[in-house]
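Trainee: The structure under discussion is supplied below as structure tokens; questions concerning it will follow.
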């Protein structure tokens, strides 16, 4: 970790566009990228593979330390390796997202992952995508953004994404899952989902990716040539 490296935090609920926007900006700036949600999902997948009960906090903490996560860029996409296995597709499942949300509510797990996330802070800079990047992990980040969108729009985006991948899912079920996750994330006692006091709020409902990227880029220094 390099405390001198600038950090842009992009927080927000599931489906607000954090991942897409963060990856684009990281490429444009030439900065490192942290998908904190993928870390929680990776621990969830590893725990599932090991048949660990999500109520067993001590076992989950051990799993957190034992799980090796690697981000591998493939063209425009990012593959996530969990203990040497490509778990990208499994990490994107709604069931995995729900599992990650449940695990994220456990204080011991969040504490175990805190330093692993901070270790991504290196020069020339870092774009950190998550739910508590600006409020907990990188409180001193000079650039903070909170993306949001209506639950309906986020469900529509996710529904289209899954449909394009050939995955059949009921829209109403998807909407209910997203709303339930929103409630869990906002109501947990440790690091609840909320914008940092100094974050710039951007509602992406009805706004294209290019427009959102432009708004965020306006907050940052001119990228190095």
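Positions of Cβ are set from backbone N, Cα and C atoms, glycine also.
Annotated ATP binding site per Swiss-Prot: 12, 13, 14, 15, 16, 17, 18, 19, 20, in sequence order.
Give me the local environment of each listed feature.
Mentor: Neighbours of residue 16 (ATP binding site), defined as other CB atoms within 10 A of its CB across all chains, total 24.
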Trainee: Helix, strand or coil at residue 12 (ATP binding site), per DSSP?
Mentor: coil
Trainee: Just counting, how many other CB atoms are there within 10 A of the CB of residue 14 (ATP binding site)?
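Mentor: Counting Cβ neighbours of residue 14 (ATP binding site) within 10 Å gives 24.
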Trainee: If the ATP site is taken as the center of the Cβ atoms of 12, 13, 14, 15, 16, 17, 18, 19, 20, which further residues of that chain fall within 8 Å of it by their Cβ?
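Mentor: Everything else in range on the chain: 21, 147, 149, 154, 204.
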